[in-house]
Every structure is written in C-alpha cells, then in structure tokens.
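Engineer: The transmembrane segment annotation in TrEMBL covers 7-28, 57-76, 83-105, 125-155, 176-194, 206-225, 246-263, 296-316, 337-355, 393-416. The domain 'Ammonium transporter AmtB-like' annotation in TrEMBL covers 20-423. Marked as region 'Disordered' by TrEMBL: 445-472. What TrEMBL lists as compositional bias 'Basic and acidic residues' is 449-458.
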C-alpha cells in the first residue's frame with residue numbers, strides 16, 4: 001500500500017520543476033550580452049562586462065538570502081535544519097518562479113531574457129517570501145510553504161509592477177515592495193492559520209548555541225545590507241545608497257543595545273533584540289537610500305528604526321499574540337513591517353521636499369515623472385509631476401502594497417488550511433523530527449510532551465544534550 005502522504009511532497013516538487021523547465025524552454029533566452037554571437041562583446045568585455053559590473057553586488061545579496069536569512073532563523077532550538085534547509089528550498093524554488101513571473105509582466109512580449117540583473121531581482125523576490133516564512137516559521141509544512149511561495153510571488157511582483165511601472169515611485173531598497181509586503185503578507189497568513197498550541201510551546205525558544213547560530217545570520221545580513229539597498233542602481237545613486245545604509249546600520253546597532261538594556265528589568269541585553277533590531281536601520285533607510293538624505297538623515301532613520309523595532313519585540317509582539325491571536329514566530333512585524341512603513345514615509349517626505357535646485361539632474365533619475373513633458377537632451381520626458389504629487393504617489397504605493405499583502409495573505413491562509421497540504425498538528429510545531437532525519441546526540445529533547453493527552457504540562461524540562469554528552 002503506497003503511503004500518499006510520504007510521496008506527496010516529491011510529486012508536488014517534481015510537477016512544479018517540470019512546469020518551470022517547460023516555461024523556461026518556451027519563454028526564456030540569454031540576454032544579448034550573454035549570447036555567443038553578441039556583436040558588442042569586445043566593447044562589453046573592454047568595459048569589464050555585465051558580470052564584472054553586477055556580480056559583486058549580486059553575490060552579496062545571494063549570501064544574504066541563503067546564509068543571512070537562513071541562519072537568522074536558527075534560533076529555535078529544535079528547528080535549525082528546517083530554518084536553513086527549507087530556506088534553501090524556498091529560495092531555489094522562488095528564483096525560478098520569479099524569473100518567469102517577472103518576464104511575463106515585462107513589456108517585451110513573447111520571449112524574455114535573463115541576465116545578472118534578473119538574477120538579482122529574482123533574489124529580491126526570494127527575500128519577500130522568506131520574510132513571510134519568518135512569520136509562520138515552525139507552524140507550516142514544506143508543501144504549504146511552496147504553495148504560499150507560488151501565490152506570493154505572483155502578488156508581490158504584480159504589486160511591484162503597479163508601483164514602479166504605473167505609479168512610477170522610487171523604492172531602491174525595496175522596503176515597501178519586499179519588506180513591508182513580505183511582513184504583512186506573512187502576518188495575514190499567520191493570523192488565519194493561528195493555532196493556540198503555538199503559544200507557550202516548549203519547542204519554541206532558544207538555547208545558547210541556537211542563538212549563537214542565529215547571530216551568524218545577523219552578522220552576514222548586517223555586513224551585506226548596503227549591497228541590498230544599492231544593487232539596483234548605479235553611479236552616484238548607488239554611492240549614496242551604500243553610504244546611507246552603512247551609516248543607518250551603525251547607529252541602529254548602538255541604539256538597539258541602549259534600548260534593549262533600558263527595557264530589561266535588570267539592564268541586560270536581550271539576544272532577540274540584538275539579532276533582529278540591529279538590522280532595522282537597513283530596512284528603514286531602504287526607500288530613500290539613493291536620495292540625498294545627508295549622512296545625519298540616514299543616521300536619524302537608523303536610530304528611529306532601532307527604537308521602533310526593539311520596543312516592538314518587547315511589547316507589540318506579545319500584545320498581538322494575546323489580543324488578536326497573531327503569532328509571529330520571528331517578529332517580522334518589528335524587523336520588516338514597521339521599519340518598512342517608516343521607510344515608505346521617509347521616501348514620501350523626501351519626494352515632497354525634492355527640487356532640481358537641491359538635487360540637480362539626479363532628481364529626474366530618481367523620479368522620472370517629475371521631468372518636464374517636453375524635456376530634451378539627457379533628461380527623458382516626464383509628466384510634469386510636482387514634488388508634492390510625487391510624495392502623494394509614494395504614499396499611495398504604500399497603501400496599495402499593504403492592501404494587496406494583507407488581503408492576499410488572508411486568502412492564501414485559507415487556501416493553506418485545506419487538508420490536502422498536510423498541515424502539521426500542534427504537537428509537531430517547531431520540531432525538525434517530523435521532516436528530517438535528526439541525530440539524537442545533542443538534539444534538545446523533552447522528557448514529556450507539553451501537550452501529552454491534550455493537557456498542558458507546565459513543568460516540562462528540556463534536555464540540551466543526550467546522556468552521553470552531558471557535562472559532569
């Protein structure tokens with residue numbers, strides 16, 4: 001007798017991969033710069049080539065996606081394999097799907113091309129889904145996550161297309177289109193899938209070494225975030241994006257340590273705050289990173305983000321869980337959601353205050369629609385938008401982003417509740433044992449399940465090591 005549950009995941013993934021292969025074969029070609037018959041290859045090579053120009057930034061972002069995000073989520077003491085492993089699975093899955101969806105949304109018609117730039121934007125799409133993954137970490141199965149990814153990639157790319165191609169807003173670090181969207185989409189899914197067994201679950205939480213592993217992810221993200229915010233632009237805009245992100249992160253880190261100590265009753269640092277809130281500055285400066293914020297402006301955004309994020313982890317996350325039954329495993333609301341909104345507001349303010357006198361011709365590179373409709377020369381014709389109107393469009397993009405994310409997340413949550421996707425039961429939450437072959441030695445265990453016989457066992461103790469490895 002074939003165990004359908006056992007083969008469901010392999011069948012689902014094989015079907016998806018075959019579909020991806022067919023679509024790539026029918027629709028995707030190399031970009032002209034990558035073709036062997038490229039007539040400009042000698043010139044391109046003399047200038048360093050597309051790979052030489054773009055690959056360093058892409059590789060930084062690639063490390064963020066697969067090392068940074070993956071290890072950041074290893075704080076759960078019994079869910080490290082899934083944090084890193086499923087992160088890799090989702091990333092590889094989304095990259096392929098995002099290239100297809102972005103190509104279909106392009107205005108090229110027929111076949112579309114792939115270049116290093118498209119690889120970078122595909123990684124950005126993966127980041128969106130991985131942020132949502134953080135909200136439901138440990139509470140959904142692999143098939144559910146892939147179904148969520150399929151839906152979210154479509155919605156997030158449509159939302160980004162609306163913002164960039166129809167509203168013509170600026171969001172260089174994707175704080176609206178990646179961070180805010182991914183956070184609130186994931187939170188909406190988490191709310192629909194809420195299970196009271198996720199509360200006070202003995203498997204949810206950290207031990208010393210799992211927090212240390214998580215901090216590795218934090219450091220990688222912290223180091224490479226300037227590339228994340230600056231990878232999508234060039235020239236002076238990229239230079240400003242790198243500088244502004246760099247400064248915002250440094251101030252954010254210092255303020256996070258300060259606030260963490262202040263909100264603790266004993267004046268100690270909380271590892272949850274240090275792992276996450278120190279990164280909020282990178283999100284908060286994202287939308288306006290390439291704008292002339294001035295160094296002090298970027299630093300101020302980092303400080304505000306640190307306060308919002310740390311206070312969110314300390315007070316808002318427990319409140320959301322107890323009051324509206326929204327369990328946010330990784331606290332994505334505090335690292336990505338609230339700082340993403342802050343970034344959008346900062347971008348709108350900068351747009352409203354912008355002028356050619358202050359920004360020079362960079363104004364029309366950042367906000368093309370603010371150029372005159374009869375512009376000539378190096379400036380492309382725009383639609384004569386005023387600074388105030390551009391600021392309004394920036395805020396409109398945020399509203400649309402939140403609406404699509406929340407409504408789409410709610411609908412996706414109900415789809416994921418269907419029995420066909422094999423949702424894990426409450427006692428299987430936050431536990432690698434149910435999806436992985438796990439070495440017994442050193443794996444945190446429980447003498448007795450907290451939910452044994454449907455009753456809570458509050459005196460559950462945790463064995464950090466097997467008997468053979470316990471210290472005498």
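Every residue gets a Cβ built from N, Cα and C, even glycine.
Just so you know, TrEMBL annotations never went through curation; they're auto-generated.
Can you tell me where each of these features sits in the structure?
Structural biologist: Same-chain neighbours of the transmembrane segment (57-76): 83-84, 87-88, 91, 116, 119-120, 123-124, 126-127, 130, 133-134, 137-138, 203-206, 210-211, 213-214, 216-218, 220-221, 224-225, 227-228, 230-231, 271-272, 275-276, 329-330, 430, counting only residues six or more beyond its ends whose CB sits under 8 Å from a CB of the stretch.
Listed as Cβ neighbours of the transmembrane segment (83-105) (distance under 8 Å, sequence separation of 6 or more from its ends, same chain) are residues 13, 16, 20, 23-24, 27-28, 65-66, 69-71, 73-76, 112, 114, 118-119, 121-123, 125-126, 129-130, 133, 137, 142, 145-146, 149-150, 153-154, 157-158, 161, 436.
Residues 124, 127-136, 139-140, 148, 152, 155-156, 159-160, 163-164, 169, 283, 286-287, 324-329, 332-333, 335-337, 339-341, 343-344, 347, 397-398, 401-402, 404-410, 412-414, 416-417, 423 of the same chain lie 6+ residues outside the transmembrane segment (176-194) yet bring a C-beta within less than 8 angstroms of a C-beta in it.
Same-chain residues lying 6 or more positions outside the transmembrane segment (206-225) and placing a CB less than 8 Å from one of its CB atoms are 60-61, 63-64, 67-77, 80, 245, 249, 253, 271, 274-276, 278-279, 282, 444, 462, 464.
With a cut-off of 8 Å between Cβ atoms, the residues of this chain six or more beyond the transmembrane segment (296-316) that come close are 243-245, 247-256, 259-260, 263, 270, 272-273, 276-278, 280-281, 283-285, 288-289, 331, 333-335, 338-339, 342-343, 346.
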Engineer: For the transmembrane segment (337-355), could you work out the same-chain residues 6 or more beyond its ends whose Cβ comes under 8 Å from its Cβ atoms?
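Structural biologist: Sequence-remote neighbours of the transmembrane segment (337-355) are 169-171, 173, 175-176, 179-181, 183-184, 187, 280-281, 283-288, 291, 293, 301, 304-305, 308-309, 312, 363, 366-367, 370, 387-388, 390-395, 397-398, 401.
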Engineer: When you scan the chain for residues with a C-beta under 8 Å from the transmembrane segment (393-416), skipping those not six or more beyond its ends, what do you find?
Structural biologist: 132, 140, 144, 147-148, 151-152, 155-156, 158-159, 162-163, 167-171, 176-177, 180-193, 287, 341, 344-345, 347-348, 351, 369, 385, 423
Engineer: Which residues of the same chain, at least 6 past either end of the transmembrane segment (7-28), have a Cβ under 8 Å from a Cβ in it?
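Structural biologist: Cβ under 8 Å, 6 or more out: 93, 96-97, 99-100, 103-104, 110-114, 142-143, 146, 150, 422.
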